[in-house]
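Beneath this line is the structure, given in structure tokens, with notes to follow.
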Amino acid sequence: MSEGTYTQLLDLACGAFLLAAVVVLWQRKLTAIVRTFALQGVALAALPFLLGLHEARGELIAVAAGIGVLRTGVLPYLMRRALDSLVPAPVTGAGHRYVENVSEAWETQPLVNVAASLLTAALLTLLAYAVARPLVLLGPAPATRALPVGLAVMLIGFFVLSTRRRALAQVVGFLLLDNGITATAFLAASGVPLIVELGVSFDVVLAVLVLQILTTRMRTAFGTTDIDDLRELHD
Amino acid sequence: MTPLASQVWLAVPVAVPLAAAGVHTAFRRRALSAWTGLLSPCAVLAAGVVLARAVLSGGHPPTAFRGVLRADALSVWILLVVGAVAALAAAAAPAHLAGERAAGRADAATARRYQVLVHAFLGAMCAAVLAANLGVLWVAIEATTIVTAFLVGHRRTRASVEAAWKYVVICSAGIALAFLGIVLLYYAARAAQIPEAQALDWPVLVAHADRLDPAVTRLATALVVLGFGAKAGLVPLHAWLPDAHSQAPAPVSALMSGVLLSVSFTAVLRCKAVADLVLGPGYTRTLLTATALLTLALAVALLLAQRDYKRMLAYSSMEHMSLIALGAAVGTPLAMSAALLHIAGHGLAKTVAFCASGHVLQLRGTTRIGRVRGLLARAPGLGTAFGLSVLALLALPPSGLFASELALARAAFAARFGWAAAAVLLLVLTAFAALAVRTAAMLLGDVPRVGAGPAASGAGVALQLQPAEQRLGVPPVAAEGTPQGPYRPAGDRPGPARLAPGTPAVPVRLGMAAGLPLVLGLAACAALGVAAGPLTDLLSAAALPGRP
């Protein structure tokens, strides 16, 4: 693979990665958000794959495969399962066509509306580029120059986490944050050592499992998964 | 220390608790005695003592598993504190579980799950303390969040689920920031030509600090302080702390407050050692001083208006963590040894306070300060233990906290931190008054009459449980064949069941199983204040800043 193709493909993957994060902000249907997150996983897995091809390192391609399975398969599956348990399947048959309760499947009223969210995403991307200047200066390479994208996705993840009201949308925010950090690690230093990567992935899967179980309990205890209804504890 | 011995003794604190968790998972049918929980804290303590001797004898610090685990004076000190607090918490667990079971809030499966999670929690904390690789350290601290999530949310009530959700989301997102900081440090190390396998080991980073890029390290340090600070209860990501600490079972609250906060803060100290060499001490000093002062001001403000005694103890933890952060900010050997002594003293005193508050909750069925009156008259032993633990937390002599706060103040004034020390002194005095007034309201006052128990009304933030005193009023038939819990009426006087409403309740005895851990914890805290004894060498070795 020539240097030019490598740079172009890397930039394409980073662009898709950032775009997916913005699309998450745009979506309001939770199934669509989860689907977008899975697509972002493909873009993320492409980063170590391209780096592995470029640096001729087999283990990076193996890591890419692992990341792909985890972020496009396992994590979206866990979230979809949580969603299925929250939203009862529509009852088919005469007289039951309109009883489906869709409120749990939508991000009804985010704290910040969609237009303002997109504007904020643009500002956060600019901020990421400003903050990442010393990082890019340290080792100018095609991968390092794309590094601000990872930080931008991380900031957008934080934004989703703090402004979305559905429990599952918050989980997606947390995972966007994590995707952003993983991408930063790949772009900056071709990923952290394998033992750390494995441990982090394991922790993330467990955290999502825990959050999935807590979402179900929240539904049982509060009758909704709206975070704004968590008002039992305060001073 | 021979390589084999280092491998064994470094593996013990991690492997024994995890193995105990495995055993508790495997024994589904026959419930193991709750006292078996003491085995792994004792193993941790034993390993701590052996490693302390190895560290102090000079020579290379013990390492194992290709440098993944490593013991130096600081990690051994924290390991000993973890072991001591875990031993107290494990000793308090049987009485706590018996009380829960007597109240019908727990069964054999709950008790087993409790043991599995607590042991896994202990193993993860020990791994975090002994990890030489910053990535492994991060993984271990995130693992503590995951493991304790279900301990915080064990009741499945609305308050409990809410606390667990906030805990997992805020802590995971917070320490994700710390992971970004670690990634950036790794990037700086790789750019400085440090080989991949060692680029996250903090001793290597300290040794090659002159080659790290200052701008990247500055960003990384800020992220690490913010991220691990979240797990250590420092602003701005502290919001999970009072909720989680007030909802978790008492021995778990003790572990979380007494040692988990300090273990996370150790991670900050590790990165600070690197950052101070790259950037000079001014940067982390400013960062930590600002964080500590803000945390302290916030904790004091919320202590002033506190009506819930478990939340009061949680905010007191934030207060003490900010003092520890301030000690680290000052950074001189005296300040560091004061901070480390403070970690130990706070761990012990807070463990006693939380365990005693758990008994108060089981006895009175509420966490509202206003509803717990006359504790000294009603349960003299328990009231005394709770009162003494709060006095220890208020740093009255002979508590270990008195010695550490005095040393901290001296170090701060010596290091020209006078203005910060003056502000801190003022805030700590305010916290002192708030804690003292609240605790006095709980301990003193009239004893409510039998039959005039708390009305089951919506009590806002407070936990409402069926109090043990009411439970004891039911005829003994109901209690037949089930453990009765630690609260029995004193002597052979008639039980409350036979008393007419309106007569004063009979004082409740604490019982050996519940009382012994409290007494031991208070004694240890006082002993630490009188003389650090054989620990002095370890303390001064651990306090030397920036030594790998």
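In case you wondered, yes, glycine gets a Cβ from its N, Cα and C as well.
The annotation transmembrane segment is assigned in TrEMBL to A:6-26 (among others).
Residues or ranges marked as transmembrane segment in TrEMBL: A:33-54 (among others). The list of residues near the transmembrane segment (A:33-54) in space but at least 6 beyond its ends in sequence, with Cβ under 8 angstroms from a Cβ of it, reads 1, 6, 9-10, 13-14, 16-17, 20-21, 23-24, 27, 60-61, 63-65, 67-68, 70-73, 75-76, 79-80, 83, 107, 143, 168-169, 172, 175-176, 179, 182-183, 186-187, 190-191.
Annotated transmembrane segment per TrEMBL: A:60-78 (among others), in sequence order.
Taken from TrEMBL, the feature transmembrane segment covers A:111-131 (among others).
Annotation comment: TrEMBL describes A:143-161 (among others) as transmembrane segment. Residues of the same chain lying 6 or more positions beyond the ends of the transmembrane segment (A:143-161) and with a Cβ under 8 Å from any Cβ of it are 10-11, 14-15, 17-18, 21-22, 24-25, 51, 117, 120-121, 124-125, 127-129, 131-132, 135-136, 169-170, 172-188, 190.
Taken from TrEMBL, the feature transmembrane segment applies to A:168-188 (among others).
Outside the transmembrane segment (A:194-214) by six or more residues, the chain places 59, 63, 66-67, 70, 74-75, 78-79, 81-82, 167, 171, 174-175, 178, 182 with a CB less than 8 A from a CB of the stretch. Annotated transmembrane segment per TrEMBL: A:194-214 (among others), in sequence order.
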I'm a bit unsure how to read this: which one of A:6-26, A:60-78, A:168-188 has the highest number of Cβ pairs shorter than 8 Å with the transmembrane segment (A:111-131)? A:6-26
